[in-house]
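Colleague: Attaching a single structure in structure tokens format; questions to follow.
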Amino acid sequence: MDANQIAYTVNERAPAVPQWLNKGDNAWQMTASTLVGIQSMPGLVILYASIVKKKWAVNSAFMALYAFAAVLICWVLVCYRMAFGDELLPFWGKGAPALGQKYLVIRARVPESRHRVTTDRYETTVPFFPMASLVYFQFTFAAITLILLAGSVLGRMNIKAWMAFVPLWLIFSYTVGAFSLWGGGFLYHWGVIDYSGGYVIHLSSGIAGLTAAYWVGPRLKSDRERFPPNNVLLMLAGAGLLWMGWSGFNGGAPYAANIDSSIAVLNTNVCAATSLLVWTSLDVVFFGKPSVIGAVQGMMTGLVCITPGAGLVQPWAAIVMGLLSGSIPWVSMMILHKKCSWLQQVDDTLGVFHTHEVAGLLGGLLTGLLAEPDLCRLILPRETRGAVYGGNGGVQFVKQIVAALFVIAWNVASTTIILLVIRLFIPLRMPDNQLEIGDDAVHGEEAYALWGDGEKYDPTKHGWHTSSYSEVTAPSRFVDGARGVTISL
């Protein structure tokens, strides 16, 4: 045996490489986790900072940044095991830390996800990687849910209220949906399908975002009437990170680098592309020109719609889902929203209700129709099929409806209670004087030193003058690109 063979053998027998560890699965799971993390950091941070009016760029980015960090700490302290630990209630797990070495290095498992095979035998799918990989992977899902929800309240929510809201909503809302559908709760054992978060993430963030928007209140009238993106190209960069990261979002759901993972990645991209093209086509037909923001929204609805069934439907079905996700949310946003007086009163800044609640619900229901039996056998622990394949498929469709109603009801109730409690101590909406100014009033910082819409630099109103670092960081001169002159400060 040569030196290379000896080194390989020693490595294979090292304590860090137990016999149950599949290096390929573990490598893919960590890669998928990183891809989903990049969707939030920097993907949605960039997207939010650029799609809003320029005076809210810093605040919008910070809301996403804060949520990502706060969720991680809450997740490892108590929330992971509330979502994936031992059962406390049929819809909730027992909270406990996920920080101990002995807990994190063992083979990953979700204790309540066992299915009864006979009267005395259970079976469960146990991943071939350590618990640490599973904890981090599921954290990225929890984080992006809060960040998506933030899109409904950008441009007016009190940042201190948001800082209190994030951990409370994670504990009392997200963990309930995650345990019920993924962690071995009553919907999981009933056989409801949510492959990678159509209900747990998107339906939840969409309906909770709309509820939060109602309680927080609207933006200023001037902001609601004119809220142009401050950087369309940067918005596309954020959207691109979101799209590419979705391969990890859905491709990591099987907890293995297997056939089903490949199907999920292909379907994800097929559906997103179809939806983008349909949304863009509708913009051209009805408004006479394609919208870049519309294309991003179409991309988003396609990604959301395929998520609950990404590895369970055939690619032709992914195209069908893309056709519907590019059209039904378009109709709800562009037509129904304008005809519904209540929806017009609720100021959902980025239309998260349409892009996530409507698209997530649509995806969950279509999965109940189109889930292919052979693909379901690759990953699901029981015989499952969509309604179009006959058998008990009609029952599956009914289960999808009932699960959606539970998720909607719980999120409306929990989000309302959380915000009403916070409102006792902290105003949910910024005061009007802060809303007039934006980032500089809230954070003492601004995203840009130049304005391209006729606004002029005023050292008494703009810049870093409120910061203790202003003397060090403020530039002495800059170029006004709109007029082609150099201005000294």
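Backbone N, Cα and C define each Cβ position, glycine as well.
These came from TrEMBL, pasted as-is:
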DOMAIN    28-448  domain 'Ammonium transporter AmtB-like'
TRANSMEM  27-49  transmembrane segment
TRANSMEM  61-83  transmembrane segment
TRANSMEM  135-154  transmembrane segment
TRANSMEM  166-187  transmembrane segment
TRANSMEM  199-217  transmembrane segment
TRANSMEM  229-249  transmembrane segment
TRANSMEM  261-280  transmembrane segment
TRANSMEM  292-310  transmembrane segment
TRANSMEM  316-337  transmembrane segment
TRANSMEM  358-380  transmembrane segment
TRANSMEM  400-426  transmembrane segment
Colleague: Can you see whether the transmembrane segment (261-280) and the transmembrane segment (400-426) are touching - at least 3 CB pairs under 8 angstroms, only pairs 6 or more apart in sequence?
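Modeller: Counting Cβ pairs under 8 Å (6 or more apart in sequence), the transmembrane segment (261-280) does not reach the transmembrane segment (400-426), since there are fewer than 3.
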Colleague: So which of 27-49, 166-187, 199-217, 316-337 has the most C-beta pairs under 8 Å when paired with the transmembrane segment (61-83)?
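Modeller: Most contacts with the transmembrane segment (61-83): 166-187.
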Colleague: Mean pLDDT across the domain 'Ammonium transporter AmtB-like' (28-448), rounded to an integer, is what?
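Modeller: So the average pLDDT across the domain 'Ammonium transporter AmtB-like' (28-448) works out to 93.
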Colleague: Select the range from 27-49, 135-154, 166-187, 199-217, 229-249 that forms the most Cβ-Cβ pairs under 8 Å with the transmembrane segment (358-380).
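Modeller: Answer, by Cβ pair count: 199-217.
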Colleague: Please tell me whether the transmembrane segment (135-154) and the transmembrane segment (199-217) touch - that is, whether there are at least 3 C-beta pairs under 8 Å between them, with each pair 6 or more apart in sequence.
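Modeller: Since 3 or more Cβ pairs under 8 Å link them, the transmembrane segment (135-154) and the transmembrane segment (199-217) do come into contact.
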Colleague: I need to check the long-range neighbours of the transmembrane segment (27-49): which residues 6 or more away from its ends have a CB within less than 8 Å of a CB in the stretch?
Modeller: 57-58, 60-61, 63-65, 68, 127, 129, 133-134, 136-137, 139-141, 143-144, 147-148, 150-151, 154, 231, 234-235, 237-239, 241-242, 244-249, 251-252, 255-257, 261, 350, 447
Colleague: Report, as numbers and ranges, which residues of the same chain sit near the transmembrane segment (229-249): CB under 8 Å and 6 or more residues beyond its ends.
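Modeller: Same-chain contacts beyond the flanks: 31-36, 38-39, 42-54, 57, 141, 196-197, 265, 268-269, 272, 292-293, 296, 299-300, 303, 307, 447-448.
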